[in-house]
């Protein structure tokens, strides 16, 4: 108050000094006025004095029409005034060619009237929350609305007349602004009428919320049409009205909210009338029978929501006009009222016949003989994908040609066949080793080659070390056991840490098992059924007591080389092969796979052929001795 008085006194003193100085220089009225209008410092002082006078006039009108402003009304007024001043400055930039004292005066008057429109709207909304409304309040509100409506109509009429006579100018902006203010006055007057009717009735008016909702819907639609027409005309005749973007957006958002509220409220009220049951006297006695909306006791006409909260039907109807939630627990009544469609239970299937006691276990699908089946997917959900074992070699596939010359002697042939088998197994192991583990961007080196003299295959490459096992419960102290058993965060963390250690141990163990199985499958490729049968027969023949240890080793190497030779396509027999073996080979090629008798006869012939040079050497050694 003191600051406003000081500013008023200062501006008044400056204005008096400027006018006295101009009159002292010119000594006449007209030259003094011309001097004041041409001097920039004098015009600045006069502008300040004009703003002070407008401020004083506003305080006077506020005292007459509103009395003492409430804190919420003052806060809303200051908040909206800042936006209005910003939009006015943007309008100055758009109409900078029309900038003049008259232009500034018109915008100041527009801002002045906007402030009183906002105050009137807030004061009428206060009627719904005020229990006592005096006749002074009605007189002030009615007189203010009449004054604002008349002034808005006069300024709209003046703007239309100016546009028709002088063409499109800045009056286009003022005309649309005052038209929007007229819609605001209309909305305020309708709300005032509805609140007055509600206050005159003894019981609450149930349909007031419906009328207010449709009033906002109607006036919001008019505002949207006015802003769209204003934007279209301004873009065509002048430029893009940047200052009208924010109010236009607010008008559209308000209209959209009104449409949504109208639709959702009708749906909620329909659900209340059709789906929600009436509260029985037992329900009212079991709970508090005071409606929290109107704070009155519920005797009849109460509805029970899906959340078991009870309210007056009229209170719920007015509540659902604004929001579709329970007043107590804020549950969405529209979502809760949707019927829950439970799926029909499946038809009972006939029980499957019990399996026999000695039923054979079906073999796994797509697993070669001699291979260990892979783990089913999803057994260990925290694992990544691991490379599988290589597929077994197909018997009868063409072998890679070698440049090593074929020796003529039988001993050299046996040695070469043994070396070739070793090289071939090494190459297969190197090629079948996984190139890279999942999750590593670099390529892993191949595992160590298998050696016949090693009793066990080498360990798998890059095998992860086992984590330390968790401490035994018997070795834990009493404090640690109490920490595991206690309630709260520390106990929960201790139990989770113990479970995490067990989980880590299981993952590490299964990872090492998988590495071991992959390495074993890589180093020991499976054999076909024919080779398995031949190996068993050769083992029976070699187990005879008349064969020495050295002969047994030579027979194994020779049998392996003979099997690899017979299984390879396009291989020619050496010169030491007998005519009987050629006939047997031709019969096998004509008839397909040989029978068991043919295999036995072939093995015996090979043994005789292999043992003959050894007996000759023994006779030569005996004759020399």
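Using the three backbone atoms N, Cα and C, a Cβ is placed for every residue, glycine included.
Look at Swiss-Prot and you will find 1-4, 62-98, 157-169, 236-625 tagged as topological domain 'Cytoplasmic', backed by a curator's inference. Annotated transmembrane segment per Swiss-Prot: 5-25, 41-61, 99-119, 136-156, 170-190, 213-235, in sequence order. Under the heading region 'Interaction with p53/TP53', Swiss-Prot lists 236-270. The feature zinc finger is assigned by Swiss-Prot to 291-330, with sequence analysis given as support. Taken from Swiss-Prot, the feature Zn(2+) 1 binding site covers 291, 294, 312, 315. Residues annotated as Zn(2+) 2 binding site in Swiss-Prot, with similarity to another entry given as evidence: 307, 309, 326, 329. Summarising the annotation, Swiss-Prot assigns compositional bias 'Pro residues' to 342-361, 462-471. Here Swiss-Prot flags 423-434 as compositional bias 'Low complexity'. Among the features that Swiss-Prot reports, compositional bias 'Polar residues' is placed at 523-564.
A Cβ distance under 8 Å defines the sequence-distant neighbours of the transmembrane segment (136-156), meaning residues of its chain 6+ beyond its ends; these are 64-67, 113, 116-117, 120, 123-124, 127, 174-175, 178-179, 181-182, 185, 188-189, 192, 196. Against the transmembrane segment (41-61), stretch 5-25 shows more Cβ pairs under 8 Å than any other of 5-25, 99-119, 170-190, 213-235.
Residues 107, 110-111, 114-116, 118-119, 122-123, 126, 140, 143-144, 169-170, 173, 238-239, 241-244, 246-247 of the same chain lie 6 or more positions beyond the ends of the topological domain 'Cytoplasmic' (62-98) yet place their CB under 8 Å from a CB of it. Here the binding-site residues are 309, 312, and the one ringed by the most other CB atoms within 10 angstroms is 312.
Mean pLDDT for the topological domain 'Cytoplasmic' (157-169) in the predicted structure: 86. DSSP assigns residue 315 (Zn(2+) 1 binding site) to a helix. On a Cα basis, residue 307 (Zn(2+) 2 binding site) lies 15 Å away from residue 291 (Zn(2+) 1 binding site). The binding-site residues in question are 307, 315, 326, and the one with the fewest Cβ neighbours inside 10 Å is 307. Through the fold, the topological domain 'Cytoplasmic' (157-169) approaches residues 98, 175, 178, 233, 237-238 of its own chain, all at least 6 residues removed from its boundaries and within a Cβ separation under 8 Å.
Residue 294 (Zn(2+) 1 binding site) falls outside any helix or strand according to DSSP and counts as coil.
When Cβ-Cβ distances below 8 Å are used as the criterion, the transmembrane segment (170-190) is approached by residues 91, 95, 98, 103, 106, 110, 113-114, 117, 120-121, 124, 145, 148-149, 152-153, 155-156, 158-160, 162-163, 211-212, 215-216, 219, 222-223, 226-227, 229-230, 233-234, 237-238, 241, 247 of the same chain, each at least six residues removed from its ends. Ranked by Cβ neighbours within 10 A across all protein chains shown, the binding-site residues 291, 294, 329 are led by 291.
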